[in-house]
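Per Swiss-Prot, region 'Important for transcription repressor activity' is recorded for 29-68, 299-314. Annotation source Swiss-Prot lists region 'Disordered' at 116-186, 203-227, 255-282, 339-368. The compositional bias 'Polar residues' annotation in Swiss-Prot covers 116-131, 205-224, 258-273. The annotation region 'Interaction with Pol II' is assigned in Swiss-Prot to 227-298, 315-340 on the grounds of experimental evidence. For S270, the entry in Swiss-Prot reads phosphoserine, with the evidence type experimental evidence. Summarising the annotation, Swiss-Prot assigns coiled coil to 301-335. Residues annotated as compositional bias 'Acidic residues' in Swiss-Prot: 358-368.
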Amino acid sequence: MCSLPRGFEPQAPEDLAQRSLVELREMLKRQERLLRNEKFICKLPDKGKKIFDSFAKLKAAIAECEEVRRKSELFNPVSLDCKLRQKAIAEVDVGTDKAQNSDPILDTSSLVPGCSSVDNIKSSQTSQNQGLGRPTLEGDEETSEVEYTVNKGPASSNRDRVPPSSEASEHHPRHRVSSQAEDTSSSFDNLFIDRLQRITIADQGEQQSEENASTKNLTGLSSGTEKKPHYMEVLEMRAKNPVPQLRKFKTNVLPFRQNDSSSHCQKSGSPISSEERRRRDKQHLDDITAARLLPLHHMPTQLLSIEESLALQKQQKQNYEEMQAKLAAQKLAERLNIKMRSYNPEGESSGRYREVRDEDDDWSSDEF
């Protein structure tokens with residue numbers, strides 16, 4: 001029975017929830033490596049069923065982790081605001097605990113307006129604003145209203161009656177601190193709702209059009225007050241008084257003359273035939289260059305009738321067949337190895353004898 005190599009065993013389903021995303025991806029790569037080894041899977045008794053199951057579970061776990069991370073990224077700003085609110089509420093609770101654990105002398109003094117309990121609440125609010133790091137005008141107004149209500153409450157109670165025991169003195173700061181915590185939490189909720197309502201979604205084209213309009217207005221205002229730059233003045237002067245362009249130097253071109261141009265303009269006024277223009281162009285080419293076309297060896301193309309074209313084709317075909325016959329005879333003679341030599345039936349001796357005899361005759365004639 002074959003066993004999986006070390007490190008490639010499929011993980012139990014309960015272990016996948018405790019694994020991180022990096023570990024899950026590493027395990028998925030290992031399972032893919034095992035699935036690619038077809039020979040190894042064929043040797044297994046279950047034909048790799050467990051490996052396929054673990055592969056599917058790993059894929060599902062990775063998809064779930066990615067979905068959770070994506071949702072957490074979407075709700076990240078909301079969670080930050082919630083954490084800040086929880087931190088503020090915790091600071092208020094700490095302030096209440098300190099107020100409860102304080103001495104009865106401080107509790108009785110809290111009944112007088114502007115006492116230490118109210119100061120403690122103010123200090124907790126200031127520390128809370130510093131921890132948030134972004135105080136706003138609305139938050140300051142709400143906190144001032146809360147302080148006003150807290151200060152007003154004990155003053156009215158002092159005018160009506162004074163508590164006879166320390167129980168009443170403990171009851172009032174608790175009530176004030178709890179109302180303070182509720183007011184601060186409601187103020188944070190209102191701030192959060194206001195900020196969400198201020199968020200608007202606008203099209204990119206509208207934003208660009210607004211930016212362009214603002215830039216145009218700014219440029220119009222600035223152009224009315226500022227003077228034109230120097231380079232704009234130079235460009236306007238150059239447009240009014242343009243500089244004549246110089247002709248580029250070209251090879252094999254006669255130098256430009258004003259008289260020639262004027263005479264050419266005068267001549268161009270009169271109509272010129274196509275043959276005259278062609279002759280002038282040819283003469284101009286002969287003047288500026290020494291390269292000329294060679295004379296034609298054959299006559300230019302002509303339009304022929306059908307009968308003449310048929311006769312020319314037949315003649316061309318006959319010439320072609322004759323040429324093919326000559327080539328075939330030459331090749332056949334080369335294959336048969338036929339050699340043409342001079343035929344002499346008397347042989348070389350007869351020729352020599354005749355030559356010698358002729359010489360003797362010449363000698364005899366010379367003797368006489």
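Note that the numbers count up from 1, one per residue, in the order the chain is shown.
The backbone N, Cα and C atoms fix where each Cβ goes, glycine too.
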Exercise. Using a Cβ-Cβ cut-off of under 8 Å, list the residues of the same chain that are 6+ residues beyond the ends of the region 'Important for transcription repressor activity' (299-314) and lie near it.
Key: none
Self-check item: Averaged pLDDT, computed only over the residues in the region 'Important for transcription repressor activity' (29-68)
Solution: 84
